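Everything below concerns the one structure shown next.
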Amino acid sequence: WGALGHATVAYVAQHYVSPEAASWAQGILGSSSSSYLASIASWADEYRLTSAGKWSASLHFIDAEDNPPTNCNVDYERDCGSSGCSISAIANYTQRVSDSSLSSENHAEALRFLVHFIGDMTQPLHDEAYAVGGNKINVTFDGYHDNLHSDWDTYMPQKLIGGHALSDAESWAKTLVQNIESGNYTAQATGWIKGDNISEPITTATRWASDANALVCTVVMPHGAAALQTGDLYPTYYDSVIDTIELQIAKGGYRLANWINEIHGSEIAK
C-alpha cells in the first residue's frame, strides 16, 4: 500500500490494540502521540529508498510463482527467495521486537517493520510474482498512464478517500472500524485472525499471504492482465475492486492489532 493505506491499517490497529499493549508499543517507539503507529507506518518504504536501507526491498513482498488467473497459490519454500520476503521478515521482527539482548533502537526498528509488512501482506499484488507484482502491467486509471500495482497501492485508495494525509487515513479507519463493529465485516472479523499465533509466525504469515494472493485470481485480474490494458480502469474496474481494497485494509489493521497484543502478552508471561 501507499501512505494512505498504511496509515489507515495502523489507525484501525490502534483501535484494537489493548491499552497495556499500546503503552508498551508507545514506549518502544518513544511516542505518546495519538497516531503512534500511523505516523511510522510508511517508515519502511522511506528506509528502503535510502542507500542504508536498500537491502530491505525484498522484505515488502513474497513473489508467488503461480499462474494467475488460472492458478493462485503461495509456497513459502518455493517463493521466499534467498534475500528474504515479507513472511520471513514478519517472523524475524516478531522475534527481534522483544529480544532482550537487542537495543531499544533494534526494538523500535522491528516494530516499525512489523507495522508496515503486516499491512503490505493484505495488498494482493504484494503476494504475486507475475509481471513483478503487477508493476509491469501498464494501464490507464482515471486518465493517467501508470501500472496496476501502483493503482492498487495508491491511486484507487486515494480516489475513494480523496487525499492521503494522516487525517484522511484516520477518517477512513473510523469507517472501517464501524464496519467491523456493526457492519459488513462483523461476521468475518474473527476469521481474519483465526489461528494466528506469534509462536508460529511463518505458518501465520503464509496464511495471510495465501488469503490475499487468492484475490489476484478472483478480483485483481480474473480475466488476465491483457483485459486490463484496453480502456480506462475507471470507473468499471475500480467499482469491481474497491470493496476488496477496503476489506483488505481492514483485515491488515485487525491482524496487526492482534499481533501486537499477542507479542505484548508473551512479554508479560516471561
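Using the three backbone atoms N, Cα and C, a Cβ is placed for every residue, glycine included.
Here Swiss-Prot has His60, His116, Asp120 binding divalent metal cation 1, and the candidate from Asp45, Asp75 in that same listed site is Asp45. Recorded residues Trp1 (divalent metal cation 3 binding site) and Asn138 (N-linked glycosylation site) have their alpha carbons 18 Å apart, per Cα-Cα distance. Within 10 Å of Asp120 (divalent metal cation 3 binding site), as judged by C-alpha distances, the recorded positions found are Asp153; the full candidate list was Arg48, Cys72, Cys80, Asn92, Asp153. Highlighted in sequence order, Gly2, Gly5, Val9, Ala41, Ser42, Asp45, His116, Gly119, Thr122, Gln123, His126, Asp153, Gly252 have their Cβ within 8 Å of the centre of the Cβ atoms of Trp1, His6, Asp120, the residues recorded for divalent metal cation 3, and are not part of that set. Sparsest Cβ environment among the binding-site residues His116, His126, His149 (other Cβ atoms counted within 10 Å): His149.
In sequence order, Trp1, His6, Ser42, Ala44, Arg48, Leu59, Phe117, Gly119, His126 are the same-chain residues whose CB sits within 8 A of the CB centroid of Asp45, His60, His116, Asp120, the residues recorded for divalent metal cation 1 being left out. Inclusion criterion for the recorded positions Arg48, Val74, Cys85, His116, Asn184, Cys217: a C-alpha placed within 10 angstroms of the C-alpha of His149 (divalent metal cation 2 binding site); this criterion is met by none of them.
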